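All remarks here apply to the structure that follows.
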């Protein structure tokens, strides 16, 4: 990656793109290399301008953000994708996570979070605004415990204890709460969490949640 983070914007509202351009131009480490008003030919445009980050709305004409992500997942991701949307429907959030988005921001909090989100995602991690994180974890708290484990999941290296901890992580239990629930120490919980992150090749707790969704561990 060059010294500047190259960004492509995609939204069907030009006024929002103009606002984003003004905001991002204040940061000397960013370079906006293109923008699109719909999802048609977006993959090819990004291949041409070599953007590092695509900041994209879901609701766009011709080809929406979900279809763009599907195209990326088939052809191979040529950049990291941050979803910027007014939608907070948990089904949509889970869908974009499964399809490989690296971040999801509510448009209501974009002004507060977008610069941090781009920097975090460019560094190889994921970023989700707090309201989106809350929606993800809240949805898991409403799932019956017996629905959590998919017997067909490809996780032969994961122990039963680690699966228990993964389930509780998706319920947003703290390390102390997990320890109390399973009658183990907080240090042991943290060791299991680190082992899960290493075994599943993710970078964070939200990465564990994304993995669980993608591989249908949580049904």
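Just so it is clear, glycine is given a Cβ too, placed from its N, Cα and C backbone atoms.
All TrEMBL annotations are machine predictions without curation.
Pulled from TrEMBL, these are the features on record:
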{"type": "DOMAIN", "residues": "6-122", "note": "domain 'Response regulatory'"}
{"type": "DOMAIN", "residues": "151-216", "note": "domain 'HTH luxR-type'"}
{"type": "MOD_RES", "residues": "57", "note": "4-aspartylphosphate"}
Problem - Confidence summary for the domain 'HTH luxR-type' (151-216), mean pLDDT rounded - result: 80
Completion exercise
In chain order, residues whose C-beta lies under 8 angstroms from the C-beta of the residue listed as '4-aspartylphosphate', counting only those at least six residues away in the same chain, are 10, 11, 12, 13, 16, 65, 83, 84, 85
Problem - DSSP residue counts for the domain 'HTH luxR-type' (151-216), split into helix, strand and coil - result: 43 helix, 0 strand, 23 coil
Problem - Assigned conformation of residue 57 (4-aspartylphosphate) - DSSP reduced to three states - result: coil
